[in-house]
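Asker: Take this structure first; my questions come after.
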Amino acid sequence: MDAQTKLEQPVAGSKSSDVVWHRHNVTQSDRGLMKNQQPMLLWFTGLSGSGKSTLAGALEKALFDAGVHTYLLDGDNVRHGLCRDLGFSSEDRDENLRRVGEVAKLMVDAGLVVLSAFISPTREEREAIRSQFPSGQFVEVHVSTPIEVCEARDPKGLYLKARKGEIRDFTGISAPYEEPQSAELTIDTSNGDLDIQVKALLDYLSAIGVHGVSDFQI
């Protein structure tokens, strides 16, 4: 195959018509087969303090211990580098999630099982990311912990600041959170312990064929 045949249509949304997508000789399927796993993105969404990062982090460790090639994208961590230039305006939060979705797509294309933990408060934002993946490769996990529990936890003191008016447009207090209407999984971290919640996630992944998960013991 020569170089010209690898070039497809100009990239949608690009500011230049000279930017085209270059197809690799190694496909996502090839990479998944080499790793003996199904690449996918698990998107954890919920209020601040709901337990998204804790749950996703525990699942990442369980998957790693089971031999799954995985990586966790965390909402705070990406703001140290990839999104360090962004604030918390509506426009910046939208751009933050757009960037994360694009990075997650690249990592899934590399054959990984990617986990992400972001408030991602609107259905439109989450569905925009879902639309980038084939059916079965995007798993929405709604961490549905009630706001009363989230506010009681308040690990960063953000709810207190929001109640005092020190943080504008704080999700759950002064800005809405749109609950998923068709999440693949819903987990309330105020019920049961972390091991049981991780086991529920592992059972789901085992059922859809993620290699090695069925052999993992909590």
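From the backbone N, Cα and C atoms, a Cβ is placed for every residue, glycine too.
TrEMBL: automatically predicted annotations, no manual curation.
According to TrEMBL, the record shows the following:
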- S120: active site, phosphoserine intermediate (ACT_SITE)
- G46, L47, S48, G49, S50, G51, K52, S53: ATP binding site (BINDING)
- 39-188: domain 'APS kinase' (DOMAIN)
Asker: What other residues of the same chain, not counting G46, L47, S48, G49, S50, G51, K52, S53, have a CB atom within 8 A of the CB centroid of the ATP site?
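Answerer: Result: A117, I119, V143, T145, C150, T189.
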Asker: What are the sequence-distant neighbours of the residue listed as 'active site, phosphoserine intermediate', meaning same chain, six or more residues apart, C-beta distance under 8 angstroms?
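Answerer: When sequence neighbours closer than 6 are ignored, the residue listed as 'active site, phosphoserine intermediate' has W43, T45, L97, R126, I129 within Cβ distance under 8 Å.
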Asker: Near the Cβ of S48 (ATP binding site), how many other Cβ atoms are there if near means within 10 Å?
Answerer: 22
Asker: List the same-chain residues at least 6 positions away in sequence whose Cβ sits under 8 Å from the Cβ of L47 (ATP binding site), in sequence order, or say none.
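Answerer: For L47 (ATP binding site), the qualifying residues are I119, V143, T145, I147, C150, T171, G172, Y177.
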Asker: Since the record lists G46, G49, G51 as binding-site residues, which of them has the fewest other Cβ atoms within 10 Å of its Cβ?
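Answerer: Fewest other Cβ atoms within 10 Å, among the binding-site residues G46, G49, G51, is found for G49.
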Asker: Reduce the DSSP letter at G51 (ATP binding site) to three states and note it down.
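Answerer: It is coil.
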Asker: Go through S50, S53, the listed binding-site residues, and name the one with the sparsest Cβ surroundings, counting other Cβ atoms within 10 Å.
Answerer: S53
Asker: Sequence gap of 6 or more, Cβ distance under 8 Å: name the residues on the same chain that satisfy this around K52 (ATP binding site), in order along the sequence.
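Answerer: In sequence order, the residues whose Cβ lies under 8 Å from that of K52 (ATP binding site) (at least 6 apart) are F44, T45, G46, G75, A117, F118, I119, V143.
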Asker: For G46 (ATP binding site), which DSSP three-state class applies?
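Answerer: DSSP assigns G46 (ATP binding site) to coil.
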Asker: Count the residues of the domain 'APS kinase' (39-188) that DSSP assigns to helix (H, G, I), to strand (E, B) and to coil, and report the three numbers in that order.
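Answerer: Once the DSSP states are binned, the domain 'APS kinase' (39-188) shows 59 helix, 27 strand, 64 coil.
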